[in-house]
């Protein structure tokens with residue numbers, strides 16, 4: 001997994017260099033740093049002309065600059081000329097003020113999880129987080145906490161996705177199954193057990209708000225991955241619940257959760273990862289067991 005990630009990063013670097021060469025962009029780190037807008041340039045482009053000017057303080061980090069250190073840069077945005085969400089402000093700043101501002105985004109509807117970041121001290125999605133209309137206070141925007149930063153508001157998600165892959169998030173059967181031959185039956189009650197679990201969009205807001213995950217990310221799976229693990233353990237169509245639980249039966253994978261509840265408080269989809277982790281602990285300790293699958297009528 002790590003070797004594959006290294007190859008992907010190397011390929012991405014080669015692709016980036018090719019794009020720079022084709023577009024005439026600066027190829028060296030020093031040239032790249034020099035091409036970034038200065039504070040004076042930003043101030044000139046964000047001249048306060050409206051009545052509802054909002055200041056955004058945004059975390060900046062350029063890994064291509066020699067000896068780069070994180071900084072916080074201020075941008076003024078006229079709310080009368082901007083959409084209502086934080087992502088609207090970020091896009092406006094990138095399009096009209098500073099094209100070097102870097103962040104992830106995709107669906108703009110709270111479905112993909114790409115634009116997860118820390119806004120005003122709370123992990124959330126920029127696309128569904130409304131701009132505070134109080135112009136007397138600035139809004140602070142940082143990347144997800146306790147993650148390596150790729151650039152600006154872009155965190156490195158490699159470890160998070162590697163942990164997700166480790167739980168084998170797909171249905172596994174012990175009996176031969178030919179796709180299309182028959183349906184994998186679920187009763188209404190069995191399907192209802194997945195509600196509040198399958199809706200997770202893997203944005204990592206919960207995991208990166210968890211102190212246990214901050215200090216033990218190499219061993220503790222974290223709220224998001226554990227909730228996904230429970231989703232597959234409890235699925236009536238899956239035959240490998242025992243094996244899935246066995247892989248988590250140690251002192252760190254699940255039991256490092258101290259029920260701090262930050263995960264449930266911050267989830268932008270209003271899910272309850274802490275409850276799912278509690279259910280996993282009950283299964284691991286033998287207090288509860290997975291309900292037997294109902295007989296199939298198919």
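Placed from the backbone N, Cα and C atoms, the Cβ positions cover glycine too.
Taken from Swiss-Prot as is:
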BINDING   107, 112, 115, 127  [2Fe-2S] cluster binding site
BINDING   200, 203, 206, 267  [4Fe-4S] cluster binding site
BINDING   210, 257, 263  [3Fe-4S] cluster binding site
BINDING   215  ubiquinone binding site
DOMAIN    59-147  domain '2Fe-2S ferredoxin-type'
DOMAIN    190-220  domain '4Fe-4S ferredoxin-type'
Q. What is the number of residues in the domain '4Fe-4S ferredoxin-type' (190-220) that are helix, strand and coil, as DSSP sees it?
A. 12 helix, 0 strand, 19 coil
Q: Return the member of 107, 112, 115, 206, 267 nearest to residue 257 ([3Fe-4S] cluster binding site) in space, with distance defined Cα to Cα and candidates limited to these binding-site residues.
A: 206
Q.
Run through 107, 215, 263 for me and report the binding-site residues whose CA is within 10 Å of the CA of residue 206 ([4Fe-4S] cluster binding site), in sequence order.
A. 263
Q: Report the mean pLDDT of the predicted model across the domain '4Fe-4S ferredoxin-type' (190-220), rounded to a whole number.
A: 96
Q) Other residues with Cβ within 8 Å of the Cβ centroid of 200, 203, 206, 267 at the [4Fe-4S] cluster site? A) 113, 201, 202, 204, 205, 207, 223, 224, 227, 263, 266, 268, 269, 271, 273
Q: Give the residue from the binding-site residues 107, 263, 267 that has the most other Cβ atoms within 10 Å of its Cβ, counting over every protein chain displayed.
A: 263
Q. Residue counts in helix (H, G, I), strand (E, B) and coil for the domain '2Fe-2S ferredoxin-type' (59-147), per DSSP?
A. 14 helix, 24 strand, 51 coil
Q | residue 115 ([2Fe-2S] cluster binding site) versus binding-site residues 200, 203, 267 - nearest by Cα | A | 203
Q) So how many other Cβ atoms are close to the residue listed as 'ubiquinone binding site', meaning within 10 Å of its Cβ? A) 12
(Q) Within a 10 Å radius around the Cβ, which one of these binding-site residues has the most neighbouring Cβ atoms: 206, 257? (A) 206
(Q) With every protein chain in view, what's the tally of Cβ atoms within 10 Å of the Cβ of residue 127 ([2Fe-2S] cluster binding site), excluding that atom itself? (A) 25
